[in-house]
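Feature annotations, reproduced from TrEMBL:
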- 41-276: domain 'G-protein coupled receptors family 1 profile' (DOMAIN)
- 30-50: transmembrane segment (TRANSMEM)
- 57-79: transmembrane segment (TRANSMEM)
- 105-126: transmembrane segment (TRANSMEM)
- 147-168: transmembrane segment (TRANSMEM)
- 180-200: transmembrane segment (TRANSMEM)
- 221-244: transmembrane segment (TRANSMEM)
- 256-278: transmembrane segment (TRANSMEM)
């Protein structure tokens, strides 16, 4: 691949020569297996929400948006592995028109996964904020119509941004824009958290009267955000190091772990559905019904 998210060309030969760190290579079967599991798990989340009317609420629609983002990240790796397999068998010409177009599509899926996760987590944070501090007005503020409009705008922006970033991925401003979205999301959510803490301190009695489900949603968001940072931050750091210090031995040493960082991204798609199921009794019950219905059919 020729873009910044290529799994195999991110560490150049000069950087390897300047570093004593061995290049860590993981079997493609590991990536493929984790990706398949990630797709199946997140597809289960989507089907659970679609099949259960009691789950068709704004909060679960935002969770579905995050599940779609995770699924795109897994699909990216599945499609890439299939194309690599066809290439090794001689069915694809290196740098041919089809291969180049396929690269662009795969890279777009990857960028869509990151952008979708960033925006989905941000809108989930905003939803939890409204749930806690505007509980009485929540259903009039966060309506289904507004939810659909918000998600439509988010994914339209993600698609347009993904295509733009792939087309101009070799420009440094594009890399800076791509990597800056990650800390911007953290700043936005951190501001919401700080504001929530300040308001909670000044309205402690009022907060204590809120339903436990509202506060539970904040804890779920915190877990999701922590997992997202743990899984994606190494890759974002890799892109920055690859762009600004590719020949530095210390940077090259870190970049030798790129496949490990890639596996962490795949793991994010596998972990998130477990968080939904563990934190949401409604989703857990929906999963059970789906499993038992499949058994007895």
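Here the Cβ of each residue, glycine as well, is placed from N, Cα and C on the backbone.
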Between the transmembrane segment (180-200) and the transmembrane segment (105-126), are there three or more C-beta pairs closer than 8 Å, counting only pairs 6 or more apart along the chain?
yes
Is the transmembrane segment (256-278) in contact with the transmembrane segment (221-244), using at least 3 Cβ pairs under 8 Å (sequence separation of 6 or more) as the test?
yes
With a cut-off of 8 Å between Cβ atoms, can you find at least three pairs linking the transmembrane segment (147-168) to the transmembrane segment (57-79)? Only pairs 6 or more residues apart in sequence count.
yes
Other than its close neighbours in sequence, what residues sit by the transmembrane segment (30-50), given a CB gap under 8 Å and a spacing of at least six beyond its ends?
56, 60-61, 63-64, 67-68, 70-71, 73-75, 77-78, 81, 262-263, 266-267, 269-270, 272-274, 276, 283, 286-287, 290
If you average the pLDDT over the domain 'G-protein coupled receptors family 1 profile' (41-276), what number do you get?
82
